[in-house]
Protein chains: 2
Amino acid sequence: MMRGNAIVGQSGGPTAVINASLCGVIEACRQYPEIERCLGMRFGVQGFLESDVIDLYQEAPETIEALKRTPSSALGSCRYKLRDEDFPRLLEQLQRFNIRYVFLIGGNDTMDTIHRLEEFCRKQNYPMLGVGIPKTVDNDLFGTDHTPGYGSAARYVAISVRQAGMLARDMRRVDQFVIFQTVGRSAGWLAAASALAKSAEDDAPHIILVPERPFDRDKFLADVKRVYDKFGWCSVVCGEGITYPDGRPVSQATVTDQFSNVEFGAMGGTSAAMMLHRMISQTYGWRGEFQVCESLQMCAADRVSEIDLEEAYACGREAVRLASEGVSGMMVSIRRESSQPYRYRLDTVPLAEVAIKAKPMPDEFISAEGNYVTEAFLEYARPLVGPLPEYVRLKGYKVGA
Amino acid sequence: MMRGNAIVGQSGGPTAVINASLCGVIEACRQYPEIERCLGMRFGVQGFLESDVIDLYQEAPETIEALKRTPSSALGSCRYKLRDEDFPRLLEQLQRFNIRYVFLIGGNDTMDTIHRLEEFCRKQNYPMLGVGIPKTVDNDLFGTDHTPGYGSAARYVAISVRQAGMLARDMRRVDQFVIFQTVGRSAGWLAAASALAKSAEDDAPHIILVPERPFDRDKFLADVKRVYDKFGWCSVVCGEGITYPDGRPVSQATVTDQFSNVEFGAMGGTSAAMMLHRMISQTYGWRGEFQVCESLQMCAADRVSEIDLEEAYACGREAVRLASEGVSGMMVSIRRESSQPYRYRLDTVPLAEVAIKAKPMPDEFISAEGNYVTEAFLEYARPLVGPLPEYVRLKGYKVGA
């Protein structure tokens, strides 16, 4: 094993368990005396380019251990797309800090970063091993059964939709519908996970809209009406990135206030949930609400899925173990061995493949009508999210007057 | 004690602990043999008028016990304002179901309902005892130190702002601000509670806007800039009902989509947070997000404050005990005896007073500049919310290159 330092960085949007992966990397590095220090990039490669580097071995062991239950990106994150001219500078930094092991925790852009850096170093004859650790609440990384971070965000979504669904049911004589929006621009994995909230037929959610299917306004409004006629209220969950058949986002709208008349563009925003809310209330005259939690679903450490936490930590450790065996240019992946009972093992996938491919929901996970998920999806998602809190419902023994 | 049935109902928006009060009522009724049955109104007085009445003694005891941890309004709720012509019909219903004890769990409209019903029955010489049980996440009920439901909603807000604040801090090289909106049309108690999320100076929240103070756009934008210059990011929490000095809601806006040009009014909505988001991004060109959780903060049973749960249950029991002693026309109230350590005792306040008065935040709880809370507020709120989850932060031992 090469003697030298390791460095670890975090990129892209945080998750509730990305720091568990960080903890795994640091704790595993300690087991290899050849790894002299485990350094951390502040704010990913962007900070690394600026020499914003910290020594993680100097942190108190209790702090490192507590990272497992600390949400967000303890090192700071970035969304920096490397330019070709950055590579010589990166190599200089690796030499300067005597780094032989690079671990990045992130999504496909991050995997692309390690992949290109690893290739550049090889060409420059600088011995370095680079291993990627998967992370994204969106679950759209290629080459792994699922990504650390997804299970916990999915759990946040399912708990929220279960609780708000009970509220909407009990308030149906006041408000007639509720819309919950999840993150996930191009994949519907999180919106789909809301289906775990349902145990009885009338439970929320009733309609799930994913970006994998074009949004059909007329069908949507008819679906909402059908649900309302049956139950007296309606719960809709939508992914933020749903689009019309011609590709325009449902969230597209212009907003003017009392001061000026400026169109919302990249800066600022309306949301898909708001536009759906408006369609329903204007078509049927119903009252309702829309819920847009944004990054709250990425950092709810108190709603973490225990298996997600375990896997995130294990992926961090595994990256170091792989590097100790000379593996490079790979991302740790999770292979499912069984759903009931749930069993997984860690595997690898070439970074080059992860970097260029995405993973939308497959057809067999989306209902034929495109407005809900299938039993196959529920079997897939259930073990990742873990058991949800159970609540009771009164039987309601009617009293004859 | 009069022999006859009791009836209990729930009104207005749910809370995470309103069913604990319901559980308290049912369990306490069982201790008085004079109370032959404890009935439940489905959907409040509205359901009662329609004879939608259930027998709660027939429910399994485990179900009643589990109500304590079940969010939303298990009986169903309503927002029905009684008309004068409803009272004879209500009296008829009381006679029909042989009801001598009426317990309603709700806010000031609900207290008004019992108050008027109790008066009407007295004039009609129908012996009946009516006691109110306080409930509202908004904490704006007069005559009680605080309301059951507030502590748990406040806890949801504080946890959310703490977690999202860490995320915003760690993502500050990508996004520069985050806005969290709480419910509470005319009182800022919930927005204020977000201040409990802060332990270090740079922690979220940095700015808190409450409806008790007029919104000053220029000052707000200057405040945001000052925070950004200091920390590199900014966290804002606002109550949904903040207004300009002339009374117009900050949330007021017109929205047009690609299909039509219709103004948002009562049906549909923009939100104060969205408008603040827009002001910031258009003024400074920053990226950020707004979070609008709406009723999610009213029904998060997994984030309940334990003291809130205890008090909600105790208030339910106390209402029955009071009625057993012949008390009527009162609402159970909570009197604080000490903040450190927190001690309370139950008391009463006349329904007539609760019905007509509201309780905005007092001046001593709002900072002089009107953009944050005071230490006095934190002392008030801390015991109601309970200890928050603690997370770690890396010390960050910089490595010299």
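Here the Cβ of each residue, glycine as well, is placed from N, Cα and C on the backbone.
TrEMBL entries are annotated by machine, without manual review.
Annotation source TrEMBL lists domain 'Phosphofructokinase' at A:7-261.
The diphosphate binding site annotation in TrEMBL covers A:GLY13. Around the Cβ of A:GLY13 (diphosphate binding site), 26 further Cβ atoms fall within 10 Å across all displayed protein chains. Classification of A:GLY13 (diphosphate binding site) by DSSP places it in coil, neither helical nor stranded.
Around the Cβ of A:LYS135 (site 'Important for catalytic activity'), a 10 Å sphere holds 29 further Cβ atoms from the protein chains shown. Taken from TrEMBL, the feature site 'Important for catalytic activity' covers A:LYS135.
When secondary structure is read from DSSP and collapsed to three states, A:ASP138 (active site, proton acceptor) falls in the coil class. Sequence-distant contacts of A:ASP138 (active site, proton acceptor), defined as residues of its own chain at least six apart whose C-beta falls under 8 angstroms from its C-beta, comprise A:GLY107, A:THR147, A:TYR150, A:VAL183, A:GLY184, A:ARG185, A:ALA187, A:TRP189, A:LEU190. The active site, proton acceptor annotation in TrEMBL covers A:ASP138.
For the pair A:LYS135 (site 'Important for catalytic activity') and A:GLY13 (diphosphate binding site), the Cα-Cα distance reads 9 Å. Taking 8 Å as the upper bound (exclusive) on CB-CB distance to chain B, the recorded positions A:GLY13, A:LYS135, A:ASP138 give A:GLY13 in sequence order. Here the domain 'Phosphofructokinase' (A:7-261) has a mean pLDDT of 95 out of 100.
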